[in-house]
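Taken verbatim from Swiss-Prot:
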COMPBIAS  342-352  compositional bias 'Low complexity'
DISULFID  Cys110-Cys187  disulfide bond
CARBOHYD  Asn2  N-linked glycosylation site
CARBOHYD  Asn15  N-linked glycosylation site
CARBOHYD  Asn200  N-linked glycosylation site
LIPID     Cys322  S-palmitoyl cysteine
LIPID     Cys323  S-palmitoyl cysteine
MOD_RES   Lys296  N6-(retinylidene)lysine
REGION    331-352  region 'Disordered'
TOPO_DOM  1-36  topological domain 'Extracellular'
TOPO_DOM  62-73  topological domain 'Cytoplasmic'
TOPO_DOM  97-110  topological domain 'Extracellular'
TOPO_DOM  134-152  topological domain 'Cytoplasmic'
TOPO_DOM  174-202  topological domain 'Extracellular'
TOPO_DOM  225-252  topological domain 'Cytoplasmic'
TOPO_DOM  275-286  topological domain 'Extracellular'
TOPO_DOM  309-352  topological domain 'Cytoplasmic'
TRANSMEM  37-61  transmembrane segment
TRANSMEM  74-96  transmembrane segment
TRANSMEM  111-133  transmembrane segment
TRANSMEM  153-173  transmembrane segment
TRANSMEM  203-224  transmembrane segment
TRANSMEM  253-274  transmembrane segment
TRANSMEM  287-308  transmembrane segment
Amino acid sequence: MNGTEGPFFYIPMVNTTGIVRSPYEYPQYYLVNPAAYACLGAYMFFLILVGFPVNFLTLYVTLEHKKLRTPLNYILLNLAVADLFMVFGGFTTTMYTSMHGYFVLGRLGCNIEGFFATLGGEIALWSLVVLAIERWVVVCKPISNFRFGENHAIMGVAFTWFMASACAVPPLVGWSRYIPEGMQCSCGVDYYTRAEGFNNESFVIYMFIVHFCIPLAVVGFCYGRLLCAVKEAAAAQQESETTQRAEREVSRMVVIMVIGFLVCWLPYASVAWYIFTHQGSEFGPPFMTVPAFFAKSSSIYNPMIYICMNKQFRHCMITTLCCGKNPFEEEEGASTTKTEASSVSSSSVSPA
């Protein structure tokens, strides 16, 4: 084995020299240069500095503007709440521990940080899935005479919390476990070992299939069908410039949304699966740390994609920030009017 396994931790370094120490008790500067821990702390500070205002502003603007409190926007608020979970439950902890060079908060702190970081990430993941399903149902109308209402929106939000809990809770009660990962300053599910009594193998397989492959397939299907519907509507009105413009806008949004989803979860899931299927192989701490950066960064670019790209949200945010006035109001209004003129409005398919 090219690593050192201890009680509730796994260090990706063979302890031939005797320098490996518990990540709960000693700085891990023998793994990477101490400057790397400073960079990690600075990166977490950046995510907090940007992620908190953007997501908090989303909640505040929605409370301030009644027209935003529609059932279709409930899932976006849920996404903002999930990102705030990651900011407070994960980023702040990782920033603090990276300043010490090890997981100074101990085993209990590892469980708490791992739980909240996983819960927030999973709520965000399933929010994107529910969002894709909602857009598909509203635009493609696979169910005739179906009207999307508040009860459906609440059910969608409840579903995200249920699925997130189904992923974040088991490691707390014995199905797998949370251990320090990467540079040993943050905690995640144990992909690294086959520790007795924790059934890590079955949990990792369950996570990979249920919490990555299925969401990826659903998002791909829904946005694929949505693109087809938009292109069919545009083809039926080829003479309409506004329809063609809306079709291009929606296509661009869908591509960005799918790419955002893949950038967030594909690196992390792929590396986690590789580590699980190659347990005992040699890999350095950055191997798991870098993909986690992509997943954590979603707390910034998810709001940018799913909220700021929506004309209505964007208009209300600018109005709130500019004390009730929107200096770009004429441009926003003209763009919205043109889009609404098309048979398939981009606002119906856009991220909000």
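A Cβ is built for glycine as well, from the same backbone N, Cα and C atoms used for every other residue.
Since this is a predicted model, take the numbers as computed values, not measurements.
Between the transmembrane segment (253-274) and the transmembrane segment (153-173) there are fewer than 3 Cβ pairs closer than 8 Å, counting only residues 6 or more apart in sequence, so the two stretches are not in contact. Taking every recorded stretch in 37-61, 111-133, 153-173 and counting its Cβ pairs under 8 Å to the transmembrane segment (287-308), the highest total belongs to 37-61. Highest Cβ count within 10 Å among the recorded positions Cys110, Cys187, Cys323: Cys187. In the three-state DSSP reading, Cys323 (S-palmitoyl cysteine) counts as coil. Cys187 (disulfide bond) is 15 Å away from Asn200 (N-linked glycosylation site) when you measure Cα to Cα. In the structure shown, across all protein chains, Asn200 is the one of the recorded positions Asn200, Cys322 with the greatest number of other Cβ atoms within 10 Å. Across the structure, Cys322 (S-palmitoyl cysteine) and Lys296 (N6-(retinylidene)lysine) place their CA atoms 30 angstrom apart.
Confidence annotation: the topological domain 'Extracellular' (97-110) carries a mean pLDDT of 94 in the model. If you compare Cα positions, the residue listed as 'N6-(retinylidene)lysine' sits closest to Cys187 out of the recorded positions Cys110, Cys187, Cys323.
Rounded to a whole value, the Cα-Cα separation of Cys323 (S-palmitoyl cysteine) and Cys187 (disulfide bond) is 41 Å. If you draw a 10 Å sphere around the CB of Lys296 (N6-(retinylidene)lysine), it holds 24 other CB atoms from the protein chains shown.
Look at the topological domain 'Cytoplasmic' (134-152): DSSP puts its residues at 10 helix, 0 strand, 9 coil.
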